[in-house]
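Summarising the annotation, TrEMBL assigns domain 'ABC transmembrane type-1' to 90-301. Residues or ranges marked as transmembrane segment in TrEMBL: 32-63, 84-115, 135-154, 166-185, 210-232, 239-262, 282-301.
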Amino acid sequence: MEKLSPDWTDATNLLTARRQSRWAAKYAADRFFRFLCLGSIIFLGAVLGAIVLFVSETGFLVFRDVSLWEFFFSSRWDPEHGKYGAAVFIAGTLYLTLVTLLIATPISICVAVFIAEIAPPWLRQWLRTLLDLLVGIPSIVYGYLGATLLIPWIREHTGAPVGDGFLAAAIVLSIMILPTITRITDDALCAVPNEWREANYALGGTTFQMIVRVVLPAAKSGIAAAVILGMARAIGETMAVVMVIGNVAQFGFDLVTPTSVLTSHIVMQILNVDFQSTTNHALYMMAFLLLLISISLIMAIRRLRLKGGQ
């Protein structure tokens, strides 16, 4: 058998070494990427855990000076006299969210149905682009428009002396969350198989019957997730609400009376209190309640999406 020349052997060894070097570099890069992703996940989890731990730990300090019953069920907020009832702000937050959803939900669903089922393709794309642009508008712009245009209009047409209150805040929030609910509802409607629509027409059904009896029931999980996501944004919104709600520590079902909610009260008070004071601890407890609500809503959205996927 003829032996290979030394030059050929050296070339083969060099080629093998280069291949091994490339594989080693790829393996090292792959491991580095894995560790980078793992480190990012750990960092994100640590940040979230630290936020929850710090806010909750600081918030629970309020119960050294205030009873659970007083904090959650008393409507008197008077730190100068040692009264820290947060019920007025909790009730205001829930009431504002309810009014906002009553305004925004039916409008959003109707707009989404028009985009997904009725509008021609050119108009459909234009409307979706418009909604995406509305989502990106800063909340302070909505709040400023509400304070300068909406409140004077409410004052003029209702006879209210001020005009601030739940009505102005609910209208502003409805406009803010409408694009979010509409876009997600639109996606849920488009996810319904076209075969179901064709089956409706094959049985002699009209477009209205197809929308009401086929598409909307099939997309109910996605629509519910859209509404919950809109609710989460409405509950957590601050600047726009501060500018139109009045920021008075009182609650009433009158829509045109100045009032306050958790977010607006926190932002109006947090810079004027000492960190170690009971007032600050009470504000952190309010922030912890908002955090719990947001986490609960996000978990509900994930559950609905999993249910919809099944």
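Even glycines carry a Cβ here, placed using N, Cα and C.
Annotation: stretch 84-115 has the most Cβ pairs under 8 Å to the transmembrane segment (166-185), among 32-63, 84-115, 135-154, 210-232, 239-262. Counting Cβ pairs under 8 Å to the transmembrane segment (282-301), the top-ranked stretch among 32-63, 84-115, 210-232, 239-262 is 32-63. Pairs of Cβ atoms less than 8 Å apart link the transmembrane segment (84-115) most often to 239-262, out of 32-63, 135-154, 239-262. Contact between the transmembrane segment (239-262) and the transmembrane segment (32-63) does not hold: fewer than three of their C-beta pairs are under 8 Å, each pair 6 or more apart in sequence. Below 8 angstroms of C-beta separation, residues 97, 101, 104-105, 108-109, 113, 116-117, 177-178, 180-185, 187-189, 191-192, 196-197, 199-201, 293-294, 297-298, 300-301, 304-305, 307-308 of the same chain, each at least six residues beyond the ends of the transmembrane segment (210-232), sit close to that stretch.
With a threshold of 8 Å between CB atoms, the same-chain residues lying at least 6 positions outside the transmembrane segment (135-154) that come near it are 160, 162-164, 167-169, 171-172, 175-176, 179-180, 183, 237-244, 256.
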